[in-house]
Each structure stands twice: as structure tokens, then as C-alpha cells.
Amino acid sequence: MVLQSTRWLALGYFTYFFSYGIFLPFWSVWLKGIGLTPETIGLLLGAGLVARFLGSLLIAPRVSDPSRLISALRVLALLTLLFAVAFWAGAHVAWLMLVMIGFNLFFSPLVPLTDALANTWQKQFPLDYGKVRLWGSVAFVIGSALTGKLVTMFDYRVILALLTLGVASMLLGFLIRPTIQPQGASRQQESTGWSAWLALVRQNWRFLACVCLLQGAHAAYYGFSAIYWQAAGYSASAVGYLWSLGVVAEVIIFALSNKLFRRCSARDMLLISAICGVVRWGIMGATTALPWLIVVQILHCGTFTVCHLAAMRYIAARQGSEVIRLQAVYSAVAMGGSIAIMTVFAGFLYQYLGHGVFWVMALVALPAMFLRPKVVPSC
């Protein structure tokens, strides 16, 4: 079977983020359903996030030949499916730890490699990345809403069934042959050494500290919001809709970002994100009333999207190979490592503080206001 390359790419994003829309909001619910404590759930989720960090940092850069991108996606999707199936094999904590690490290690490089494929194809034929990537966000909304509805109708066991189905669909989509194969010169790996990486961190430590705090503050939300809201009386379906609302707000801001932030610097945008973080996590710890939860979820466009846009703007202002290296550090550390570490702490804090964990997240976001890097122009 052959599929037009743009549609092939859109299908890849759709099936990946459909699966991620099941895994990210509801995996803690599945872990709780099989009898694990919040402390253990935090450890498992944290281990998974560390594996995501390592997968993105170590596996994705290994694919230096653009013509091998599709083969790499197929292999990684197959390995991800094998580990998804392995979740069915047992509920012992040691086994779950092993499977969580393997699943996330191979699941995480799929997006950067798909993005690399999109960049390669943009050089070969006209491709509107935004319109293609949008299907990933749409799929996340569908995945989280559908999972919430089915968990309400049945029970937590439907989560693993849907995840397995989603990953299998992703593999089947990747096995379809696109009309145009990726082509391009093999990218030679730069021999930068530790000194270059350390110099990069020293030069950009304020930026990295700021985004690590802002993204890391999402840990309690990613790991325990579904459990917290269900304990407050909301159905799994309602939880799915709330998560979907956050992604809808995210998509809207992505679509309007050029108009909204045209005159803002990365420093200004990081301030906006930090303020949204303090407000969002403070409200989340204070109340579970539905009107306020709607506000909390709309603020996702500030805590996540504006922070990510600020990071992209800051990185784009760097020169030469520094752009590539700083992008790698940002993706691995801010989007992976900081959330992984904070998720482990969030598990302990939720065990003993309950909703108070979200007030701690507000405190985590607060220092970002003062650590922002000095860049120009200002809005």
C-alpha cells in the first residue's frame, strides 16, 4: 500500500499523539487501578521520564542518514509495541519498572525523528509543517477524551487496551510506503567534546534553569491530576475533557503565536509563563470547583505553550552549531529530565500533602521570574 507523503506524515503524528493522549493523562490511573501507591506511581513515572530523556538524547541523534529515517521509525514503533504488550504480563513493581523504562526509551525518539523527516521532506517538496503537525494535537484531544469516556463506562483496564491498540496502529501506519522517500546527505556528527557542552550550559544557565523550573512544575499535573480530580468526584470522562481543553488552548496559542507575541522577546514570554504557572498551580491546589478547573486548563497555554515558544525564540537567536546543541539540551533536560526528577518528588509529596503538591509546584515556578535571561528586544 502506498500513501501520499504528506498524509503519511500526518498519520504518523496522529497515531503517535493519539497514543500519547492515552498514556500521559491516564497512565497514573492505570497504575493506581492495579493497586500501586502514589509513592510507587511517582517512582515509575519518574523512571519513565528519565528513559524518555535518554531516548531523545541518545537514540534520535544516532540516525544521521535521512534515507534511514523511515526504517528507524518502524523499528522504534515495533519495539514500543513489544513493551506495550509486556505491560499485560504482570504487575510486579520490578517488572513494571523494566517495562516502563523500555517503553519510554523507544517511544520518546519517535517525535524528533518524525520532525527530522518533515524537515527533510520540506527540502524535497512543498510541505506545510504546521498543517501536518496540527493532526497530532487533534489526536491528543481525541485520545484523552475517548479514554476518559471509556474508563467511565468500563474501568481502568481499558487504558492499557487502548494504548496497545494505539501503538499498533502507529506501527501499521509507519509500515505503509510513502510516495516520496526521504533523501539527503548524511549528517556528520560534530566532535564537540564535554568542554563545548559545559561552555554551552555556562553561557545559557539562566535560560536552562528558567525553562527547567517552568516545565518541571508540570510534574504533579502530568502525574497526579487525573487521580486528584477523580478523588474530588469527577468521572474519568470529565478528566479526559479537562485534559482536552488544555490541549485545545495550546493549539489556539500555537496558531496565533506570531500575532500575539510578534513584539515580545523570549524574556518577556518567560515572565508571562512564570506568572501563569504560579496562578495555575496555586488555583489547582486551592480548589476543585469546575469553573476554576476550566480556568486552570485554559492556563495550560501559558504554562506550557508560551514557555515552549519562548524557548524556541531564544534558541533561534543563537549562532551556528550552538542552535543544534542548545536545542538538544533543552529537549532532553527541560522537557525530560526536569519533569522526571520533579515527578519522583511529586509522588512523595502527593502521598503526604495531597492537593498541597500543587502549591509546591507554584513555588517551583516562582523563581523563574527572576532567572530569566537578558535578551532584547522587549515588548
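Including glycine, each Cβ sits where the backbone N, Cα and C put it.
Membrane topology taken from Swiss-Prot puts VAL2 and SER257 on a shared side.
Taken residue by residue, the topological domain 'Cytoplasmic' (257-266) breaks down under DSSP into 5 helix, 0 strand, 5 coil. The transmembrane segment (208-227) and the transmembrane segment (5-31) are in contact, since at least 3 Cβ pairs between them lie under 8 Å (pairs 6 or more apart in sequence).
If one looks beyond the transmembrane segment (101-118) by at least 6 residues along the same chain, the residues whose Cβ comes under 8 Å of a Cβ in the stretch are 9, 12-13, 16, 19, 47-56, 59-60, 63, 66, 69-70, 72-73, 76-77, 79-80, 83-84, 86-87, 127, 129, 132-133, 167, 170, 182, 331, 336.
Using DSSP to sort the residues of the topological domain 'Cytoplasmic' (119-129) gives these counts of helix, strand and coil: 5 helix, 0 strand, 6 coil. Within the chain, the topological domain 'Periplasmic' (32-37) has long-range Cβ neighbours (under 8 A, six or more residues past its boundaries) at 44, 91, 93, 155-157, 159, 227, 351. Note on the topological domain 'Periplasmic' (97-100): residues 43-45, 47-48, 51, 83, 86-87, 89 of its chain, located 6 or more positions outside it, place their CB under 8 angstroms from a CB of the stretch. For the transmembrane segment (5-31), the list of distant contacts is 40-41, 44-45, 73, 96, 107, 110-111, 114, 117-118, 121, 125, 127, 132-133, 135-144, 147-148, 151, 156-157, 159-160, 162-163, 166-167, 169-170, 173-174, 176, 178-180, 222-227, 230, 236, 239-240, 243, 247: same-chain residues at least six beyond its ends, Cβ to Cβ under 8 Å.
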